[in-house]
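Q: Structure incoming, see below.
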Amino acid sequence: MRVLASAPAKIILFGEHSVVYGKPAIAAAINLRTYVWAEFNERGAIKIEAKDIRVPGLTVSFSEDEIYFESDYGKAAEVLSYVRQAIELVREEADKNGRGITVSITSQIPVGAGLGSSAAVAVATIGAVSRLLGLELTNEEIGKLGHRVELLVQGASSGIDPTVSAIGGFIHYEKGKFEPLPFMELPIVVGYTGSSGSTKELVAMVRRTREEMPEIIEPILLSMGKVVEKAKEILLSDLEEKIRFERLGKLMNINHGLLDALGVSTKKLSELVYAARTAGALGAKITGAGGGGCMYALAPEKQSEVATAITIAGGTPMITEISKEGLRIEEVIP
């Protein structure tokens, strides 16, 4: 038996950094996906084949007394711990710890870009392996298992990434609580700088600045929280699409300015943001921790022009849209 599952990437639409201080955030799944095939093997080992994960590939086998590294190329290795923990967690849930499982991974999501590649591969792996082992799980349950994987690997996790990847669409998050929001099409372009910042270091930097100048930083964080609530109000409204796009674009630009004030933008991120706006995007901002990684632009009827502008500015564009679906079982071969 073989099972193919897929799970989407995510972007933080609004509220990164301020969410650390109890403010809300809105995230959404996007149509860049990680695909995982799962099947049994006779060796009793966990075997991971990652031949196309937007960095050079690798194949590694784990068993009780041996590890086989056929190749190892930098960031691709980061995938291994998430996949292995996901498989072990599902085998434990299904009470089938001894079964050998091979997973094969392909992905459209660049690793280390702040688009939730680790959560997507964990969620897709859980989806494929749970079906293979006959474990019936809802997408919400799979999202919770994905959160457990992140806690095991990272030691800390809000759960935003695996929840969005499992459920899809828009998610409002505040103080540990998730609320799905109504779906609407958002024609966006993601721009990747080609480098990544350390979320841990950037969060610590903002914290230090807040401790040094609370009277300045607190109002910025408060404003960011209000941006999120205004965006939620727009997503819940029955305004015509054109007006919703325009207002969301304005909020994106405001949110980017506030993030820049916190010091988490970079020259390259700003170049991509302003190139997108000049090319006709209604709004453009950092998504994620900053310091590198990605920005995104809202570009109805201008996606090609914005993508070209991002390329000229030295970024890697990805034309995409919001994914209504989260985890999908794509194929089951008996």
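Glycine residues also receive a Cβ, built from the backbone N, Cα and C atoms like all the rest.
Sharing the features that Swiss-Prot gives for it:
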ACT_SITE  ASP161  active site, proton acceptor
BINDING   PRO110, VAL111, GLY112, ALA113, GLY114, LEU115, GLY116, SER117, SER118, ALA119, ALA120  ATP binding site
Q: Based on Cβ atoms within 10 Å, give me the single least packed residue among the binding-site residues GLY112, GLY114, GLY116.
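A: Relative to the other binding-site residues in GLY112, GLY114, GLY116, GLY112 has the fewest Cβ atoms within 10 Å.
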Q: Determine, to the nearest whole angstrom, how far the Cα atom of GLY116 (ATP binding site) is from the Cα atom of ASP161 (active site, proton acceptor).
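A: Cα to Cα, GLY116 (ATP binding site) and ASP161 (active site, proton acceptor) are separated by 6 Å.
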Q: If you count Cβ atoms within 10 Å of the Cβ of PRO110 (ATP binding site), leaving out that atom itself, what do you get?
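A: There are 23 of them.
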Q: Sort out the sequence-distant neighbours of ALA120 (ATP binding site) for me: same chain, 6+ apart, CB within less than 8 Å of its CB, listed by position.
A: ALA7, PRO8, ALA9, LYS10, ARG33, THR34, SER107, ILE109, ASP161, SER165
